[in-house]
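What Swiss-Prot annotates here:
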type	residues	note
COMPBIAS	115-125	compositional bias 'Low complexity'
COMPBIAS	426-439	compositional bias 'Polar residues'
REGION	112-136	region 'Disordered'
REGION	398-439	region 'Disordered'
REPEAT	23-58	repeat 'TPR 1'
REPEAT	59-91	repeat 'TPR 2'
REPEAT	197-230	repeat 'TPR 3'
REPEAT	231-264	repeat 'TPR 4'
REPEAT	266-298	repeat 'TPR 5'
ZN_FING	449-487	zinc finger
């Protein structure tokens with residue numbers, strides 16, 4: 001008889017809990033409560049489990065600390081982490097939740113800065129929205145990214161102008177853009193003192209990058225003589241002092257910057273570095289918490305803060321006072337704790353301590369007792385004092401002023417154009433108020449196009465930094481892909497056709513030269529009105545024969561015709577005339593008006609123009625304009641007939657149409673394909689032959705494909721009698737058909753002879 005199988009042992013229970021549930025199940029309940037955001041419940045579950053365990057669990061201590069930190073019970077959370085530290089050294093990454101709780105305690109979590117703006121400087125207003133109205137000339141000349149007066153202004157492809165050091169590197173801007181010559185000269189003229197200040201600061205930063213701190217410090221001191229309260233210069237000098245290990249001076253400058261601009265993250269970072277050099281770890285942690293309160297997503301600062309927390313808050317956790325057990329006993333009795341396992345743990349600690357049975361059991365007893373001491377919150381007052389030493393205690397001491405709790409009083413850092421008032425005053429030079437009250441002294445010579453020698457109209461800046469009128473630049477690029485002034489290659493600009501207006505230059509002209517701009521616009525409007533006239537000075541393309549309703553694709557590569565096509569598009573007419581060249585007159589007497597349907601531009605500036613014939617005209621006179629021909633013209637229309645003449649015309653129309661269809665059908669397949677690919681399908685016969693002023697569309701299509709000399713085509717184009725044109729087409733078809741038949745008969749005869 002085989003023995004009965006032994007049942008498996010029951011899962012471990014949690015002896016101190018009211019319900020005898022497995023530890024794993026209770027742990028899952030706590031984790032679920034934490035994930036659901038019920039941190040108070042999670043903390044109570046983890047604490048009850050720890051109190052009921054015979055041996056404390058480090059992972060449970062960490063869970064308890066995380067839950068308490070999330071619940072805002074920071075002194076108790078600190079005790080839980082102290083308990084974990086007694087069971088094993090804490091790692092910085094284990095303190096993420098505690099760090100988050102401390103950051104929330106600072107009181108700025110509701111107004112974080114974007115992770116994309118780690119410097120703490122206010123973001124530029126969105127490019128897509130309307131810009132706020134500038135309050136002063138200097139604000140108009142400010143960089144939209146750093147909010148300071150433009151320094152080495154660079155105009156981006158989008159038309160926005162920023163400081164050169166504010167240009168964001170990346171694959172989107174493979175071509176290095178140079179300083180805008182026009183705007184740079186304007187800044188030097190209007191703000192000479194501040195431009196000198198920015199030059200000195202730029203030289204100092206350059207020397208800093210070249211690892212020449214002494215020379216950089218000299219330039220920085222010279223710049224600070226001009227603007228003693230400039231925060232960026234104060235922080236630059238603080239960084240130089242850090243490099244030279246002069247931590248006291250670095251702390252002095254960083255503190256001044258933080259006092260001037262409390263919401264500047266970089267100021268608190270530099271201050272933390274200086275304090276670290278002086279060994280003042282608690283203050284280092286405080287500055288890191290300020291940084292994280294301003295920008296919770298700054299991971300590098302978060303990691304450093306967690307490292308400092310290990311040093312500041314948990315360095316002495318292992319050295320708990322020797323009489324810990326008696327202290328635990330007295331506090332447990334005072335607070336009425338009566339867990340059986342807790343009392344057993346205390347007795348175990350006492351026995352181990354008094355009997356000295358072994359060093360190992362003594363250490364175990366003290367460790368278990370100290371863990372319980374911390375997780376039960378018996379170290380609360382000490383932990384509260386420790387936190388008060390690193391967190392701001394009195395709003396009147398400056399924190400409330402630096403980091404206001406009232407949302408209405410707090411500066412909205414994400415709103416376009418809004419930065420702290422202190423910020424604006426500090427970023428101005430000492431003479432800025434005088435300069436702004438006088439306004440900008442501008443004249444036409446400050447914004448003169450080097451090509452047309454007139455006021456810039458629709459200013460466009462090249463990558464090399466030169467600014468021209470849009471139309472002037474396009475005309476120059478028609479001839480060569482080079483800058484008209486410095487001869488730099490502009491092949492990329494020509495290929496992209498990214499001619500965006502330089503917004504700042506246009507706005508300055510609009511605000512300070514309104515009368516001159518009005519005169520310049522009047523001249524431009526007059527030119528456009530003249531160019532849009534479709535009877536006088538009509539642009540003429542001298543190239544090939546064109547017919548009404550027939551497609552006429554063109555490859556435009558000559559500079560004069562590039563200009564002509566561009567003007568046709570800009571005026572909105574999208575029309576130009578097509579004529580043949582004449583040996584003596586220069587232009588043929590008759591031509592066809594074409595309408596542009598599409599323009600496809602190539603990187604070299606040439607283009608393919610898809611056009612179609614619209615109407616016929618006769619040239620009255622012609623002349624030249626900017627290299628291409630123009631003409632005064634009169635449009636031609638067919639003379640309409642009625643009565644018996646109309647009946648005769650209708651019969652002739654049907655007959656010639658049928659004759660044309662038969663001729664096309666008799667062509668070889670290869671020739672048909674060539675004709676169809678170039679001219680398209682033959683239009684259908686129209687029921688009313690006189691419905692179109694230029695005549696039936698099929699008649700022009702057949703004239704375009706018939707093998708005729710240009711002189712004959714031109715003569716038919718100028719006819720205003722539909723009957724005469726149809727008779728001419730019939731005669732041509734008869735002649736061509738006879739020739740085709742003769743060739744066929746000759747070919748057949750040769751085959752018979754062979």
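Cβ atoms here come from the backbone N, Cα and C positions, even for glycine.
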Three-state composition of the repeat 'TPR 5' (266-298), taking helix and strand from DSSP: 26 helix, 0 strand, 7 coil
DSSP-assigned states of the repeat 'TPR 4' (231-264) in counts, ordered helix, strand, coil: 27 helix, 0 strand, 7 coil
Residue distribution over DSSP helix, strand and coil in the repeat 'TPR 1' (23-58): 28 helix, 0 strand, 8 coil
DSSP-assigned states of the zinc finger (449-487) in counts, ordered helix, strand, coil: 10 helix, 8 strand, 21 coil
Model confidence over the repeat 'TPR 2' (59-91), averaged pLDDT: 85
Helix, strand and coil totals (DSSP H, G, I; E, B; other) for the repeat 'TPR 2' (59-91): 26 helix, 0 strand, 7 coil
For the repeat 'TPR 3' (197-230), residues assigned helix / strand / coil by DSSP: 27 helix, 0 strand, 7 coil
